[in-house]
Amino acid sequence: MNEFKPLVFSGVQPTGNLHLGNYLGAIRKFVALQENNDCIYCVVDLHSITAQLVHEDLPGQIRSIAAAFIASGIDPEKHIVFNQSAVPQHAELAWIFNCVARIGWMNRMTQFKDKAGKDRENASLGLLAYPSLMAADILVYRATHVPVGDDQKQHLELTRDIAQKFNIDFMEHIRRGGYGVDIVVGEEPIHAYFPPVEPLIGGPAPRVMSLRDGTKKMSKSDPSDLSRINLMDDADTILKKIRKAKTDPDALPSEADGLKDRPEAENLVGIYAALADRSKEEVLAEFGGQQFSTFKPALADLAVSVLSPITGEMRRLMGDTAHIDAILRKGGERARERAETTMREVREIIGFLQ
């Protein structure tokens, strides 16, 4: 192999209802990436038990994510859609990466600090090792690119650190087995087995905020359902949530600079821009000077027109669980085949008998 074959990997946790932020920040980007890339999209159910071990309906949540992928336009025939626990090689490589990674690296992860809170001693070991499993998810396929939000950027940097340490520690074994690719890290040439993964960050609305508090990210775990637009919400519910969305008393500005220190206004304008594939400046050129009583109905109509086809197809798919299960099963078979190719070579590189 002279170079790493380009491959996109990403995953979504099956925890709670998917919402507009998940769609605009992740799933819509997945759909666009599949046009010109080889893609693997995963329902990361092993990650879902790191913070909450017992789920009321984990199978239903897994199917819901898969349905959202497909309803949004991801093609499970051309690309791979599967659930993580169906491919045991993820967990196998994660254990190896637990031995590669340093405890100090894990302790620096801000997401662990945020999720563990003040009671760090009571957090699960799985939550601490979450980034190691994420690295395995990506590298078990030797993926080269990962679409991520800002909140996962640090984890992706850790993935690169783990890959680099493995490559350097086992460089002679990799070279001897004829498995690697010659790359340059910094100014240092190395013979690498795992690629230096690149993040794909951006898009018009990578961070959609709560409809009730523009300083907080839209979240599945927010106790108020009015804080988010769920992908399964019907048109009337979407209209109600946008009508009740928190705003300020001032009119919309005519320029984007006027949104500074107005988080709720900036959030709603950003959502409109993302749904319409326009810039905030273009949206404000149309609505600047108008009150939210005019803007909110326009935003609601746009949201309904974009999301209703997805919602309808999700409902249809969720009514045929056998079809979703068949897609996940076939995707799992294809993913296992690729993952086992990697793990066979990793075992050889490390020196495990097979």
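For all residues, glycine too, the Cβ spot is worked out from N, Cα and C.
In Swiss-Prot this protein carries:
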BINDING   Q13, P14, T15, G21, N22, G149, D150, D151, V208, K217, M218, S219, K220, S221  ATP binding site
BINDING   D137  L-tryptophan binding site
MOTIF     14-22  motif ''HIGH' region'
MOTIF     217-221  motif ''KMSKS' region'
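Projection of Swiss-Prot feature records onto the structure.
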{"residue": "Q13", "record": "ATP binding site", "Cβ contacts under 8 Å, 6 or more apart": "V43, V44, D45, H47, S48, I65"}
{"residue": "T15", "record": "ATP binding site", "Cβ contacts under 8 Å, 6 or more apart": "S48, Q52, H55, Q61, K220, S221"}
{"residue": "N22", "record": "ATP binding site", "Cβ contacts under 8 Å, 6 or more apart": "V12, A68, K220, L231"}
{"residue": "D137", "record": "L-tryptophan binding site", "Cβ contacts under 8 Å, 6 or more apart": "F9, G11, C42, V44, Q84, H90"}
{"residue": "V208", "record": "ATP binding site", "Cβ contacts under 8 Å, 6 or more apart": "H19, L20, G21, L24, G25, K217, M218, N267, G270, I271, A274"}
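Our reading of the ATP binding annotation (Q13, P14, T15, G21, N22, G149, D150, D151, V208, K217, M218, S219, K220, S221) yields a largest Cα to Cα distance of 20 angstrom. The Cβ of M218 (ATP binding site) has 23 neighbouring Cβ atoms from other residues within 10 Å, across all protein chains displayed. Note on the motif ''HIGH' region' (14-22): DSSP counts are 3 helix, 1 strand, 5 coil. The average pLDDT computed over the motif ''HIGH' region' (14-22) stands at 88.
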